[in-house]
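As recorded in TrEMBL:
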type: DOMAIN; residues: 1-49; note: domain 'Pre-SET'
type: BINDING; residues: 3; note: Zn(2+) 1 binding site
type: BINDING; residues: 4, 31, 35; note: Zn(2+) 2 binding site
type: BINDING; residues: 31, 37, 41; note: Zn(2+) 3 binding site
type: DOMAIN; residues: 52-175; note: domain 'SET'
type: BINDING; residues: 135, 211, 213, 218; note: Zn(2+) 4 binding site
type: DOMAIN; residues: 207-223; note: domain 'Post-SET'
């Protein structure tokens, strides 16, 4: 029908309701400005932006700020994109040392195929800047490609792993690892380079930091 699923091996990432239906680790290729389809195409989801009412709140257990949803989110629905300034890994290393001294950093390595670029949400970003870690998260990271097909520069989209009730805090795993399901998905063995407020140190020098997510499956340490 004029859409472009060919880049994703003739398989659409979404069902008719806009819910992701491919396994975590596989890339998502959305339709773009060169496609003949319209804005209501089912293969245009992340590019439409946030569709749920979300709010920032202060946590009561010392984890700083957090994000909760004000309405129920359907399972496998797109929730938000992790947005920030795209910088080189070398610049990220330099900024990371500065952020370490300040006790906060928001660096997300774009290592889908190789570690060349990083997203820095410290100064430019959206509500994803405030999403906390959990060892049992309700959001999953996917690599998305729309106008740009450079595999070194995926867009980072967060989808619901399950139905999320109104008022529930949104979280994702800062140390997410996706088990390879095929050669392509093995690209995504993500090392999330983001540390919440108060967690200093670069990935190579950071001391062990206790995790306070409170999940029954908590790994006890964040890094």
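One-based numbering along the chain as shown.
Using the three backbone atoms N, Cα and C, a Cβ is placed for every residue, glycine included.
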Extra residues within 8 Å (Cβ to Cβ centroid of 135, 211, 213, 218), Zn(2+) 4: 133, 134, 136, 212, 214, 215, 217, 219, 220, 222
Distance, residue 211 (Zn(2+) 4 binding site) to residue 35 (Zn(2+) 2 binding site) (CA atoms, angstrom): 45
Per-state residue totals over the domain 'SET' (52-175) - DSSP helix, strand, coil: 18 helix, 49 strand, 57 coil
Distance [Cα-Cα, Å, rounded] between residue 31 (Zn(2+) 2 binding site) and residue 37 (Zn(2+) 3 binding site): 8
Spatial neighbours of residue 211 (Zn(2+) 4 binding site) that are distant in sequence (at least 6 apart) but have CB under 8 A: 133, 135, 218, 219, 220, 221, 222
Inter-residue Cα distance where the pair is residue 41 (Zn(2+) 3 binding site) and residue 213 (Zn(2+) 4 binding site), in Å: 38
Cβ atoms near residue 213 (Zn(2+) 4 binding site) (within 10 Å, other residues, all chains): 21
Binding-site residues compared (35, 37, 135) - highest count of Cβ atoms within 10 Å: 135
